[in-house]
Amino acid sequence: MCRRVLALLSVLAALRCAPAASGDGAGAGDAPQLNPRPVIGVLAQENLPGDRFARGSSYIAACYVKYVEGAGARVVPIRINRTEEEYSKIFSSINGLLLPGGDVDLQKSLFSRAAKTFYELAMKANDAGDYFPIWGTCQGFQQLSVLTSNRHLLTLTDTRAVALPLKFTAEAQSSRMFSSFPRDVMQSLAQENITSNFHKWSLSMQNYSRNAKLRRFYRVLSTNSDGKKEFISTMEAVRYPFYAVQWHPEKSPFEWIQKPGMVHSAAAVRASFYTASFFVSEARKSQHRFSSPEEEDAALIYNFPPVYRGRDAIFLQNYYFD
Ligand SMILES: *[C@@H]1O[C@H](CO)[C@@H](O)[C@H](O)[C@H]1NC(C)=O
Ligand SMILES: *[C@@H]1O[C@H](CO)[C@@H](O)[C@H](O)[C@H]1NC(C)=O
Ligand SMILES: *[C@@H]1O[C@H](CO)[C@@H](O)[C@H](O)[C@H]1NC(C)=O
C-alpha cells in the first residue's frame, strides 16, 4: 500500500516537471512560448449623438474592457484621430485588437479609418508569421465585413432587441473558435436563447455567398434569422486569426439595462466567458510588447476613470477621450 502511494507520488512529481503541451522546445517544432501577460487594444469611436455624459469626443464602453480583463488580459485604449505612426507603434506593442459594438459610419468615421489601419497592419504581420488576432463584435463584425469586401453589403433586419440560439453550421465543430468550447456551452448556445442581438444591419447569407472576397476570407460558423433573412451570427477568417460575432457576449455579464434581448442566465455568462477566453488565448500567441514598463503603464486603461451612466443606459459605464 505504502509503496503504491510512493510510486503514485513519483509519477505525479514527474508529470509536474514535464514540459507543458504548448511547449518549450524539445520536439515542439518552433512553437513559440505563450505570452502570459497579453494586452488587448480596444478601439474607441465617436460619441453616440446626444450622450449627456460625454466628456470629449470619443468613448469606449466599459463592458468590452471588463470582458477582456475577465479572461486574463489587460486593455489599452486606442484613440481615434491619431497618426498612422502612432497606430503603428501601438500595434507593435499590443497582442490583439477588439473592435466593439456601437453606431458609427463604417466607411467614413474615424473609427473605421483606425480599424482599417490596424486591419492592414494585422494582415501584413500575420502574412509575415507574426501572429496577431482581431475580434469584432456587432459593429466590429460589420466593420470587418466592410474592410474585407471593400463594400457595404449589409442589409436591414428586424433584430434590434432579441436573444437567439445560434444555428451552427457544419464547420462550427472543426472551427478554431468553437472547438475550444465545452460541450455543455455548445449545447446551451445551440438550444437556448442566450445570444443577445442588438443590431439593425446584418450580413445576409445571400450577400456573403455572392461576394467572392467574403466567401474566400471567412468561414461561417453560425447563422440566425429574423424570420425573413438568414444572416451570419459568427464567423472566423480561414487564413487569419480574425473572429467576428454579430451578437453581444459582453452584455450578459456586464450590462444591466432592462430590455428584451438581455440575458443574464448562468449559461449566457458561461458562453460569454468562453468567447473572451478564446480570443485572449489567441492573443497569448503574440509576442508584441511595449518598449518599457513605463510606456506600458502610461498606455493602459487604468489611467482613465470610467463614467457611470445610470441603470437605464445602454452602456452602464463608458470611458471618454478627447
Ligand atoms: C482630429 O484631429 C484634428 C487635428 O488635431 C482636429 O482638428 C479635429 O478636430 C479632430 N477631429 C475629431 C473629430 O476629433
Ligand atoms: C446586399 O447588399 C446590397 C448592397 O450592395 C444591399 O442593398 C442589399 O440589401 C443586400 N441584400 C441582402 C439580401 O443582404
Ligand atoms: C427565441 O429564439 C427564437 C428563434 O429560435 C425566436 O423566434 C424567439 O423570438 C426567441 N425568443 C425570445 C424570448 O427571445
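FYI, residue positions are counted from 1 along the chain as it appears here.
In case you wondered, yes, glycine gets a Cβ from its N, Cα and C as well.
Here is what TrEMBL records for this protein:
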- 1-23: signal peptide (SIGNAL)
- CYS138: active site, nucleophile (ACT_SITE)
- HIS248: active site (ACT_SITE)
- HIS248: active site, proton donor (ACT_SITE)
>> Using a 10 Å radius around its CB, how many other CB atoms surround the residue listed as 'active site'?
In response: 26
> Hey, does DSSP put the residue listed as 'active site, nucleophile' in a helix, a strand, or just coil?
Replying inline: coil
